[in-house]
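Visitor: In case it's useful when we look at the structure, here is the feature table from Swiss-Prot:
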BINDING   His77, Gly118, His119, Ala120, Gly150, Ser151, Asn178, Phe287, Glu372  thiamine diphosphate binding site
BINDING   Asp149, Asn178  Mg(2+) binding site
Amino acid sequence: MNDTRPLLDRILSPRDLKKLSTKQLQQLADECRKELIELIAMNGGHFASSLGVTELTVALHHVYNTEEDRIVWDVGHQAYIHKMLTGRRSRMQTNRKYGGIAGFPKIHESPHDAFGTGHASTSISAAAGMAAGRDLKGGREKMVAVIGDGSMTGGMAFEAMNHLGDLKSDVLVILNDNQMAISPSTGGLKNHLVDITLNKTYNKARRLLWNSMSLLNHEGAKNALRRLEDGMKAALTPGAFFEALGLRYFGPIDGHDMGRLVRALKEMHELPNPKLLHVVTTKGKGFLPAEENQSGWHAHSGGFDTTTGMTAKKTGAPDPPKYQEIFGEALVEMALKDPAITAITAAMPSGTSLDLFEKAAPDRFYDVGIAEGHAVTFAAGLALEGLKPVCAIYSTFLQRALDQLIHDVALQNLHVVFAIDRAGLVGEDGPTHHGAFDLSFLHAVPGLTIMAPSDAQELRDMLHTALYHIEGPVAIRYPRGSSGGGPLRKDFTRLEPGRGRIIREGTGPVLFAIGSMVQAAVEAAALLEAEGIKPDIVDMRFLKPLDTALIDRLAASATHIVTIEENSILGGLGSAVSDHLASSPKKTPLLKIGLPDRFITHGSMQDLYRETGLDAAGIAEHVKEFYRTPVH
C-alpha cells in the first residue's frame, strides 16, 4: 500500500476533517480514491460505488458529526471511504476477511455506523424511524439517508418518503444519481432522474427567455423572467415529484464538485423538515476501466493493475462453470424452442446469468428493478396468461417477497418457477447475503415443490422438470459459484417429483444430504471409511414432496440417521425427516447437521464451512462422534 498520503495520514477520526479547506478536502478525496484502488487491487471487494461517492463521503464527514449525527448508507457497499475516515483505515486490508471488518456498515463495528445495511431501499425508513425517536426525546442530532437511484426503484423507499412527508421530521435524503444500481437501473423513475440540462423543451425555452432578457433593461422584468425559468425548471425536474411527497427538493448538483457539495450540505444542515438533495455522480469515478464498464467493476476479486485494470491471465485448466451459468444457458436452450418461457429478475441480470436470456430473447426478459415483491406477483400475472415465468432471485432477497410467493402464487397454485440463486453461504458478503433460511420458510408453503441439485446436470434436469413435468409453483435452490464440473448431457432427463437417489450403499449410518451438501457428504464418507465407518449416502433432491418411502426403507435397517443441509438447522431437511420419523415405531438415533441457529459471519467459504462444521472434515467428525456415542 502506498504510504504517501499526507492528508489521509492525518485523519484519525472524522473530527480531523472539520478544519480542512475545500481544496484540502478535494486532495483528501483524491488520496482516498487512490488508496481504495490499491486496496481493491490487493484484496478485492465492492469497488465502483465507493469510487463514485468519494467526494460526497468526504464532504459529509466535513459537515456532519457522525459521533452524534446519523448517516445511513443504503445497501452499504459504497461505504468503504466512510470506513477509512472513521478510524478503520488500518484494518481495511482485513475487509470482508474472516475475523476482519465487514464489507457493509455494522452498528457493532463502529459508533459511526448508524444502521446495519446490505439490502436495498431501507435507508430512508431507518432514518425516519431514528428521527421520530429523536423528536420524541427532544434531541437535535441530524439524520441523513444516502440512497442510490438503483435503490430508489424499491417500493420501500417511496413508502418511507410518503411517511416522512407526513412526519415532517428533520431528515436529509441524499439521492446519489449515477443511473446505475449493480446493472443499469430500470424503470420510469430512472427516466425521470435525468439532468435538466438534457431536456430539449427546457433548453429551447431557456434560450428564448435569456434572449428576451438581453433586450430588457428593466430589472423587475428580468427578475420576473428568472422566476419563470425557475418555475419551468421545477416542473421539468424530479423536484415536483419529491415535493409532492412532502420533501423539499434541491439539485441536481455535481457530486464531484467539492465546493458545491460542501455549500449544499451546510445549507441542508440548517434547514428543518424533510428535504432531498439530488447529487449526480459517476460510478467508478477516477478509475477509467470502472467508468467505462460500471457493471463489470461493481465488485472485483482483486489482482488487477491499478492503472490499466488488466488482470494476469490464468494458467492451467479453466474453472468449472458456475451454477449461475449452467442455469442461464439451460434456460436459454429451452427458451429458444419454447416461446412461452419468460424470465424475470429484480435488478440482477448479470448476477443470475439472465443477461444470457436477455440477449437471446429480449422481448421475453423483464428486469423489474429492486422490487422483489413486484417481481413475484408480476410472474403470477404472466402465469395466468399461460406463459412459463422463471423468476431468478437470490435466496436472501426472496425473503423480501415471501408474502407475494404465498398469497399471489402458491395460494392460486400458479406455475411459477423460482430459481433461487446464492442458496446457502455466500462467503465474504456475510450475514446480510447468506441464503440460510429458504428451505425453512419455503417448507411450510402448501403446494410448493422444492428441489436442490447436487451438480450441474441435476440443475439442468430440475429446471426442465420444473417447467414441463410439475404443476403449480416450484423452487430450485442452488449455491453460489462452481458447479464442480463434470460432463453434461445435451438432452434433459425428467426427474420423478419427490424421489431421491442412493449414491452409495453402506452398513450402519445413513447420510441424507441435499443440494450442495451431497458432495460434502461423499468426501466425508471417504474420511469415515478410513475410521471403519461405511455410511449410506442419499441425494434427497427434493425437500418437498419428501421421499418418505426411501427414508422408511433405509431407516428400517439403519443404525443411525444423519441429515446434512446448507440451511438453518431449524425447519429444513433435518426437521422434515425428523417430523416424518416421529411416528415410526423404530426410534433410530437422528443427528441434524446444518447451519447453527445464529447469523453466520463473513469470510472465505473455506473458513465459514470450517466454522459451521459443514466441510468434509467437520461432517465426518460430527458423524463419527454421533455413531460412537452409546444410545441410552
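Cβ coordinates come from backbone N, Cα and C, glycine included.
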Visitor: Could you round the CA separation between Asn178 (thiamine diphosphate binding site) and Asp149 (Mg(2+) binding site) to a whole angstrom and send it over?
Guide: 7
Visitor: In three-state terms from DSSP, label His77 (thiamine diphosphate binding site) for me.
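Guide: Going by the DSSP assignment, His77 (thiamine diphosphate binding site) belongs to neither helix nor strand, so it counts as coil.
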Visitor: Distance check, please: Cα of Asp149 (Mg(2+) binding site) against Cα of His119 (thiamine diphosphate binding site), rounded to an integer number of angstrom.
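Guide: Between the Cα atoms of Asp149 (Mg(2+) binding site) and His119 (thiamine diphosphate binding site), the distance comes to 14 Å.
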Visitor: Under 8 Å between C-beta atoms and at least six apart in sequence, can you list the same-chain neighbours of His77 (thiamine diphosphate binding site), or say none if there are none?
Guide: His46, Ser49, Ser50, Gly103, Phe104, Ala299
Visitor: Largest pairwise Cα distance, Å, within the listed thiamine diphosphate binders His77, Gly118, His119, Ala120, Gly150, Ser151, Asn178, Phe287, Glu372?
Guide: 32
Visitor: Counting only residues 6+ away in sequence within the same chain, which have a CB under 8 Å from the CB of His119 (thiamine diphosphate binding site)?
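Guide: Within the chain, His119 (thiamine diphosphate binding site) has Cβ neighbours under 8 Å at Val75, Thr396, Phe397, Arg400, Thr432.
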Visitor: Please report the three-state DSSP label of Asp149 (Mg(2+) binding site).
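Guide: The residue in question, Asp149 (Mg(2+) binding site), is coil (DSSP, three-state).
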Visitor: Look up Asn178 (thiamine diphosphate binding site) in the DSSP assignment and report helix, strand or coil.
Guide: coil
Visitor: Going by a 10 angstroms cut-off between Cβ atoms, which of the binding-site residues Asp149, Glu372 has the sparsest surroundings?
Guide: Asp149
Visitor: Fewest other C-beta atoms within 10 angstroms of its own C-beta: which of the binding-site residues Gly150, Asn178 fits that?
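Guide: Relative to the other binding-site residues in Gly150, Asn178, Asn178 has the fewest Cβ atoms within 10 Å.
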